[in-house]
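Annotated features in TrEMBL:
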DOMAIN    21-294  domain 'Sugar phosphate transporter'
TRANSMEM  12-32  transmembrane segment
TRANSMEM  44-62  transmembrane segment
TRANSMEM  74-93  transmembrane segment
TRANSMEM  99-120  transmembrane segment
TRANSMEM  127-145  transmembrane segment
TRANSMEM  151-173  transmembrane segment
TRANSMEM  224-245  transmembrane segment
TRANSMEM  277-296  transmembrane segment
Amino acid sequence: MSENKRFQLGTIGALSLSVVSSVSIVICNKALMSSLGFRFATTLTSWHLLVTFCSLHVALWMKLFEHKPFDPRTVVGFGILNGISIGLLNLSLGFNSVGFYQMTKLAIIPCTVFLETIFLSKKFSRSIQLSLCVLLLGVGIATVTDLQLNFLGSILSLLAVLTTCVAQIMTNTIQKKFKVSSTQLLYQSCPYQAMTLFVSGPFLDKFLTQQNVFAFRYTPQVLTFIAMSCLISVSVNFSTFLVIGKTSPVTYQVLGHLKTCLVLAFGYILLHDPFNWRNILGIFVAMMGMVLYSYYCTREGQKKTSEASVQLQTKEDESDALIGMETGAGATNDVALPISPIGKADNDLRARDYNR
């Protein structure tokens, strides 16, 4: 199997794992928070990250991956930034209406495109931009209902968008710059993300819910759902880093909106959530945008691959021609040249003049 085919299969596997695990954890957490009353999202996320780190530590002990240390300042900064972005997203949801929070999530894609264009000189074709607009329009129709604005909520949303975009861009650039895998990066940054949320989580959750996480009544059913959520989160965290490393932050956000549409559909089918024509129309438009985005990304990827192959072939041809010229020059120097007829005639004339 060629390297390109293996990469494509790995990317499809990462995307599938991300979708399945994310939809599963959303359904699990929805039952935990809505039905069982455990609404401490930030603290729960810190437990997710702690379980993920412990799982990766066991995997390292079993030699399933290799530990590759790199710049400690980058790791610490990256881990803390990820933790802060999660906390800010939770605060944004607490201070804004659900509709405005959905608009905040929609803003992550254009913000990521803008940052990558300005600071990384990355180019997005008109076709890609159009498909993203169709996608965002569809998700907006399906999810955005009310838009109640307030100053503090808007500031928190802006900070949440910026930190999330930068963290996801860093996830991609760090893996490429330091040549580390998604597993190696997640293993090293996980403790800093977990500690950031573990310290701040109880305070944020108490501020948002007016309840104390340590005073909550943990029944066997609640503990079972928390354990399930933590186990699924290992797959969620791993697939997140894997997808961003293999594709791009924008593709990961597109995948996130696919998960949103699937969660809406599963919520209607399994949990009998209310569903109306706006949800159906929005999901249909969003799916069209995703299909267009996938098509244009695939087409442009094939175009870049073919251009790279042509350039490589051109360089090989030029190299072969240069080697041929050098070989020809060496042969000329090594072989004795015959005396030309003109040279021979000149020698005969000299001999005649001497005899005279």
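Including glycine, each Cβ sits where the backbone N, Cα and C put it.
Note: TrEMBL annotation is automatic and uncurated.
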Count the CB pairs under 8 A between the transmembrane segment (127-145) and each of 44-62, 99-120, 224-245, 277-296, then give me the winner. 277-296
Intrachain neighbours beyond the transmembrane segment (12-32), with Cβ under 8 angstroms and 6 or more residues off its ends: 38, 41, 44, 222, 225-226, 228-229, 232-233, 235-236, 238-240, 242-243, 246-247, 252, 255-256, 258-259, 262-263, 266-267, 270-271
Per Cβ pairs under 8 Å, the stretch of 44-62, 74-93, 151-173, 224-245 packing most closely against the transmembrane segment (99-120): 151-173
Winner by Cβ pairs under 8 Å against the transmembrane segment (151-173), considering only 44-62, 74-93, 224-245, 277-296: 74-93
Residues from the same chain, set at least six apart from the ends of the transmembrane segment (224-245), whose C-beta lies under 8 A from its own: 14-15, 17-18, 21-22, 24-25, 28-29, 31-32, 36, 38, 44, 47-49, 51-52, 55, 168, 171-172, 175-176, 181-183, 185-186, 190, 218, 251-252, 255
